[in-house]
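Undergrad: Structure incoming, see below.
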């Protein structure tokens with residue numbers, strides 16, 4: 001089977017069936033989905049009834065089962081990102097969710113409401129920016145992984161050969177993946193970030209590409225998914241690959257990021273920064289070893305760069321991570337702790353050079369992947385930098401962009417694009433492209449995990465910290481606080497539904513969506529607002545004597561402040577918590 005998927009498709013809809021027609025040159029296949037039996041079959045174009053309503057689509061994301069029955073999810077708009085070794089890369093920008101059922105009359109009012117909520121969850125994930133695909137190229141693998149494949153692998157369909165860590169519609173495609181004959185209709189979709197630029201230095205033109213692949217294992221939102229699971233999958237795991245294509249030569253440099261790989265949590269509780277909790281009873285070494293065993297198999301040597309604070313609430317996590325590495329005693333793993341905030345305080349961001357100098361020799365040892373124009377592998381990357389902070393976002397992005405630039409400097413010199421002694425940061429035009437692309441990558445990763453753009457991107461874009469950047473960081477921090485406390489439960493549920501961590505059972509009489517709120521949820525905020533309002537009224541409408549006014553103000557002031565602290569104490573009752581999948585509670 002050719003390792004391509006159909007690019008041009010038409011969707012024909014009748015009351016009984018969906019017909020997905022392949023319109024590529026020479027194609028005669030039609031995928032038929034029975035809207036009643038849900039059976040999937042393959043036919044030819046002459047089987048499409050002329051009475052069907054027809055529209056163009058650009059790919060099938062898959063199918064999902066909700067309360068009302070099955071739904072077909074299709075890509076309705078796409079945008080060209082660029083060309084990758086003569087393969088077109090697309091970004092999916094709009095989707096449609098089509099019900100198999102013609103009416104909802106078979107549902108009760110409660111089922112209708114639940115179905116509406118599940119649809120909103122599905123659409124929430126689909127509206128998240130960052131879904132990419134190609135009908136001819138396997139985006140889920142790095143250049144180095146693709147170079148080490150067998151002829152049998154290259155004959156597989158894109159879906160079969162894809163790295164399942166990065167196929168975000170894997171659950172939606174489960175029915176199609178069970179039938180190899182329809183795999184050309186099944187499109188593996190990546191979630192993350194891709195940017196491509198044609199660049200020029202010294203009159204030499206090359207393509208520069210940046211790809212971030214988000215893992216769909218232990219996926220979720222900032223405060224609800226931390227650490228690792230029992231299988232060793234780390235939260236917010238992202239593989240970032242930087243690629244250069246010059247005169248037939250291809251070079252790539254891969255880095256990873258992922259949450260501190262022990263069992264810990266940091267549940268929102270209305271505090272600006274909840275204290276992280278390390279599980280006191282879990283077997284940390286078991287999960288830790290599983291995580292790094294798989295990382296070493298996939299990537300080789302691991303150089304861990306831990307950027308968390310060495311004091312305060314982050315200190316126990318740094319100590320635990322260091323202890324785990326020491327206890328494991330693997331020659332394949334090296335550990336570097338760099339207190340980012342301490343080293344760079346008072347906007348001394350030039351001090352990041354201390355870390356770069358510290359790891360320079362290790363980076364040269366890890367090298368990068370390079371294949372020449374004849375297809376011969378010149379060098380392999382022997383391992384990766386695995387960077388992390390608390391969120392694996394802001395501090396991590398800064399460090400990754402600096403490490404990637406150092407690798408790129410070496411690659412471009414080796415390829416003859418840069419002259420001996422020339423520095424990449426002196427190439428103003430390219431530097432602007434480079435910094436903006438890495439800042440855009442930072443924003444994409446941050447929005448997908450934390451719900452807002454990244455912090456510290458002014459440094460990534462300009463090379464220095466600015467006052468405007470500090471103001472924007474403040475705004476994004478406040479926005480994160482709101483989302484993390486009051487909307488992330490819904491976001492987490494949406495991701496769990498999309499990835500199949502939760503399956504809808506319409507026969508289940510107890511809906512997880514209808515969780516009754518405790519009396520405190522409504523009563524305490526109302527009491528606080530009333531008390532605060534009365535305090536203001538007493539200030540504006542003075543009593544007969546100043547002592548009387550003071551007494552009223554003190555009474556209502558103490559009532560409002562007291563209620564505020566009671567709300568804060570019971571913070572976990574007021575946040576928007578996930579309802580579908582109960583993660584391990586680590587308190």
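Sequential numbering from 1, following the chain as shown.
Cβ atoms are placed via backbone N, Cα and C, with glycine included.
Feature annotation from Swiss-Prot assigns domain 'SAC' to 122-451. Residues or ranges marked as N6-acetyllysine in Swiss-Prot (evidence: similarity to another entry): 456. Swiss-Prot lists 452-587 with the feature region 'Essential for phosphatidylinositol-4-phosphate phosphatase activity', giving similarity to another entry as the kind of evidence. Feature annotation from Swiss-Prot assigns topological domain 'Cytoplasmic' to 1-520, 570-587; the stated evidence is a curator's inference. Taken from Swiss-Prot, the feature topological domain 'Lumenal' applies to 542-548, supported by a curator's inference. Look at Swiss-Prot and you will find 521-541, 549-569 tagged as transmembrane segment.
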Undergrad: Using a Cβ cut-off under 8 Å, which residues of the same chain at least 6 positions beyond either end of the transmembrane segment (549-569) come close to it?
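TA: Counting only partners 6 or more residues beyond its ends, the transmembrane segment (549-569) has Cβ contacts under 8 Å with 270-271, 520, 524-525, 527-528, 531-532, 534-535, 538-539, 542-543.
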Undergrad: Take the Cβ of residue 456 (N6-acetyllysine) and count every other Cβ within 10 Å, whichever protein chain it belongs to.
TA: 23
Undergrad: Counting each residue once, how many in the topological domain 'Lumenal' (542-548) are helix, strand and coil under DSSP?
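TA: Secondary-structure breakdown of the topological domain 'Lumenal' (542-548): 3 helix, 0 strand, 4 coil.
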Undergrad: Looking only at the region 'Essential for phosphatidylinositol-4-phosphate phosphatase activity' (452-587), what are its DSSP counts of helix, strand and coil residues?
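TA: Taking the region 'Essential for phosphatidylinositol-4-phosphate phosphatase activity' (452-587) as a whole: 87 helix, 0 strand, 49 coil.
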Undergrad: Which whole number is the mean pLDDT over the topological domain 'Cytoplasmic' (1-520)?
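TA: Across the residues of the topological domain 'Cytoplasmic' (1-520) the model's pLDDT averages 94 on the 0 to 100 scale.
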